[in-house]
Amino acid sequence: MKSEHEGSVESGSGPELLDGLVSLDKDSQLQRGLKSRHIQFLALGGAIGTGLFVGSGGILALVGPLPLWLGYLSQMFVVWCVMNAIAEMTTYLPMRGITLPYFTNRYVDSSLAFAAGWNYWYAYAILVAAEASAGAILLDYWDTPVHAAVWITIILIVCLALNIIAVEVFGEAEFWFASIKLITILGLIITGIVIMAGGAPNREAIGFGTWNDPGAIKPYVATGSWGNFLAYWTAFVRAGFSFITSPELIGLAAGETVAPRRNIPKAARRFLYRLAIFYGVSSLILGCLVRSDHPRLLSPESNANASPWVIGIQEAGIGGLNHVINAAILTSAWSAGNAFLYSGSRILYSLAATGQAPHIFTRTTRRGVPYAAVLGTWSLGLLAYLNVSENGATVFTWFMNISTISGFIAWIVVLITYLRFRSALKFQSLLDTLPFKTIGQPYLSWFVLVLISLLTLTNGFQVFAIKAADGGFDYKNFLAAYITIPAFLLLYVGHKIVYRTPLAKPLADIDVVTGKKEMDEWCEGDVKPVPKNWLQRVWFWIA
């Protein structure tokens, strides 16, 4: 490690670098391979993954359909607020090479940035393992003679190959992966409505029948109103896995995005209503298609090998479609794993570039891909092989819990960073220079900051209320729920002790100016494309 070089601009034979990481060189700003459609589908690709297609079944089995739906709606609001904060910061300084920990270092404190950077990397790497694990669960649906370890190997190798070639290849692959997901989820929503109305081969109009039998809510831990609330709160926490780090994908890719001040706000504005369709509507329908007591839903006891969507279609008697849907859902695991490997590698590269990780991770290919960071992140994804010795559903749930809390901690840091950034702009009378402003700020950020903190501290409350089957303490789930918190604090406090950094930078010392002039000048060259016909007009609206 080396000491922080706050606000310093390094020059020499290479491009001008701010803080040894962020490029201000005009030529380097032109080397951006991600287009509008890439950036929008990257965010959706990260949000629509196995959390919706597989993890939702575990929530449904645990607490019932109503908490499942309310939990997703609540998390959508949280994600929207976090997305707005990230979009404001990245559109203000959309520099090539930026990461969210870079902003934390610049606006808050280097120790918090150090801990946040490693927490992000850890979360993304665990998510790669989670997606590979989920892929193995989905493939087991076909009861193939192939061992789960073989499927995990194939999934991990494909993700590695797509990330190691070039960012254009990654962006294009993610675009098509995400397109399959979007088509799949839209098809599932339409199919679900048809099944509910009685249009399935069995001619049974199920409507909201599952909300009456076995019931809309399964009280959790306690009984009565308190048990109902705890069921909702548990769903709220677990629904976080579906959205973890998805808003950050836009922030991480901003430095490699064409016309960022046009495309980042565009993606941020459309993120909420797209989530409303894909999560709000689909989670409501899902709770109607499958009974919460169905034996094949994801749980440690059932060793489930199917998505709840596949179960619902199979129960409706629609032959063959269940296999098509399972295959499409499998691509979603690949897509999400692909996106998380990209993000984790960029975080590790930035940590190495600023001296907070071994220098070897700064090595890149001739096409600029940080191959050493990609391999380093990918290696932690090998934890997916835990499926070989444990129940697949149990391993997937461990990964869900670990990555969810890492994600919550990351969101807490993002909101703290944004609030300091906004306060510094206001203190220096620069608030009106923000190129993109969102509603309700800073009040919404304060509210969501408190809310996420409560979710983080209470996420594993059930381990204290429910004894394990043998009457002992459930230490495995306790560690999965809380191990990330002391690990983060150890990184933060350890860095503070070593470098003796202040608690936070004074508002007057926060640099919100360096790089702004260069970005303003560069973004002035952005020419908004004009559609030539109605087909292009529709396409420009979509992507």
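Keep in mind that glycine also has a Cβ here, set from the backbone N, Cα and C atoms.
Per TrEMBL, the features are:
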type: DOMAIN; residues: 38-505; note: domain 'Amino acid permease/ SLC12A'
type: TRANSMEM; residues: 41-63; note: transmembrane segment
type: TRANSMEM; residues: 69-87; note: transmembrane segment
type: TRANSMEM; residues: 121-142; note: transmembrane segment
type: TRANSMEM; residues: 148-170; note: transmembrane segment
type: TRANSMEM; residues: 182-200; note: transmembrane segment
type: TRANSMEM; residues: 271-290; note: transmembrane segment
type: TRANSMEM; residues: 368-386; note: transmembrane segment
type: TRANSMEM; residues: 398-421; note: transmembrane segment
type: TRANSMEM; residues: 442-466; note: transmembrane segment
type: TRANSMEM; residues: 478-495; note: transmembrane segment
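Sequence-distant residue pairs (6 or more apart) of the transmembrane segment (368-386) and the transmembrane segment (182-200) include fewer than 3 whose Cβ atoms are under 8 Å, leaving the two stretches without contact. The recorded stretches the transmembrane segment (121-142) and the transmembrane segment (442-466) do not share 3+ CB pairs below 8 A when only pairs 6 or more apart in sequence are counted, and are therefore not in contact. Model confidence over the domain 'Amino acid permease/ SLC12A' (38-505) stands at 83, taken as the mean pLDDT rounded to a whole number.
Spatially, the transmembrane segment (398-421) is not adjacent to the transmembrane segment (271-290); fewer than three Cβ-Cβ distances between them are under 8 Å for residues at least 6 apart in sequence. By number of Cβ pairs under 8 Å, the transmembrane segment (271-290) is matched best by 69-87 from the list 69-87, 182-200, 442-466. Same-chain residues lying 6 or more positions outside the transmembrane segment (182-200) and placing a CB less than 8 Å from one of its CB atoms are 41, 44, 48, 52, 206-208, 277-278, 281-282, 285-286, 288-289, 309, 312-313, 316-318, 321, 325, 328-329, 332.
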